[in-house]
Amino acid sequence: MTRFSFSLTATDGRARTGTISTPRGEIRTPAFMPVGTAATVKAMMPESVAATGADILLGNTYHLMLRPGAERVARLGGLHKFMNWQKPILTDSGGFQVMSLAGLRKLTEEGVRFSSHVDGSKHLLTPERSMEIQKLLGSDIVMAFDECPALPATDEEVAKSMRLSMRWAQRSRDAFGDRPGHALFGIQQGGVTRELREESAEKLKEIGFEGYAVGGLAVGEGQEAMFGVLDYAPGMLPQDKPRYLMGVGKPDDIVGAVERGIDMMDCVLPSRSGRTGQAWTRRGQVNIKNARHQDDPRPLDENCTCPACRNYSRAYLHHVYRAGEMISGMLLTWHNLHYYQELMAGLRAAIAEGELARFVAEFHAMRDAGDIEPL
Ligand SMILES: [Zn+2]
């Protein structure tokens, strides 16, 4: 049986490329994980998500525990079978979304008591329960249960929260147990303070995990502050384990994170934008709602091989968006996920060839040039 493992094949500066092996398949890194919040990547069939080049999906513990319920998913054969996705799945711990979505929260040493945003029902999420839920779902990569303080916060508040998360990381490790082929990732906290990031990294390494996430970023601190932390935080984590930046991001955030040694990322942006008429292309963001597209017979991106670009014009994409047709979200989501995966493939190839600096320069030059001129 394949065990969970990670091997680096090349580095270029701080950037790395490699492969995570799991019993459910390989994940080429740097990897972008589309978000399948409620056991679906919205507007996409799972086989279409795979066709964009995704090796792994992210599922949300908070949403799935509330609806349809982790025990129900387990009775129905686990999340892979339930949603018809046979490749690897990473689940978050629920901690972040409890803090951002649930009502009436009470945080204690034990965990978080909260009421569901769906039906008001009462729940208690602890490190032990989070591990149990992620096991019931059948997740391949399980995230330790942590707390992420809302920003802005004082150093003292960030330190207190980080130390609680480190105690929860130990409890997560203890509760995870011995599960060959599955991985548990620890999450570094500490806000934008170097000393706290160092303390967190040391504690996590002492506990020992199969991978490490840089947590507490992409929460509104801005790209400059995020890159500031990424200039040192990944280097505090073990070289031979995957490093995951949670909740990132826009294409230029992804490129900057990969340059700084990140191996995995996830974000709702490509799928969410696809449902609001926003496309991400090599030439930056395109707003398909804009009237400039209504008579334009050209594809969104003439070099893109996704179905939206191969078979449809900007005029059609504009029309179906304006008409509120479901195919609008389907086509733009497909295009956006395809673009993101193509970006990751380009980054992996550039790192392997030692050409990352040139790739990044071209990436920025194309975006700076902007969208094609209107007809
Ligand atoms: Zn396309």
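Cβ from N, Cα, C; glycine included.
The Zn(2+) site recorded in TrEMBL includes Cys304, Cys306, Cys309, and the single candidate from His293, His335, His364 that the record places there is His335. Within Gly69, Gly120, Gly211, Gly216, the residue that TrEMBL lists together with Asp92, Ser93, Gly94, Gly95, Phe96, Asp146, Gln189 for binding substrate is Gly216. Across all of the domain 'tRNA-guanine(15) transglycosylase-like' (14-366), the predicted model scores a mean pLDDT of 96. Checking the recorded positions Asp92, Ser93, Gly94, Gly95, Asp146, Gln189 against ligand 1, none has a C-beta less than 6 Å from an atom of that molecule. Here His335 (Zn(2+) binding site) is positioned 31 angstrom away from Gly95 (substrate binding site), judged by their C-alpha atoms.
Note: the Cα of Ser93 (substrate binding site) and the Cα of Cys304 (Zn(2+) binding site) are spaced 35 Å from each other. Each of the binding-site residues Cys304, Cys306, Cys309 was scored by the number of other CB atoms within 10 A of its CB, and the lowest score belongs to Cys304.
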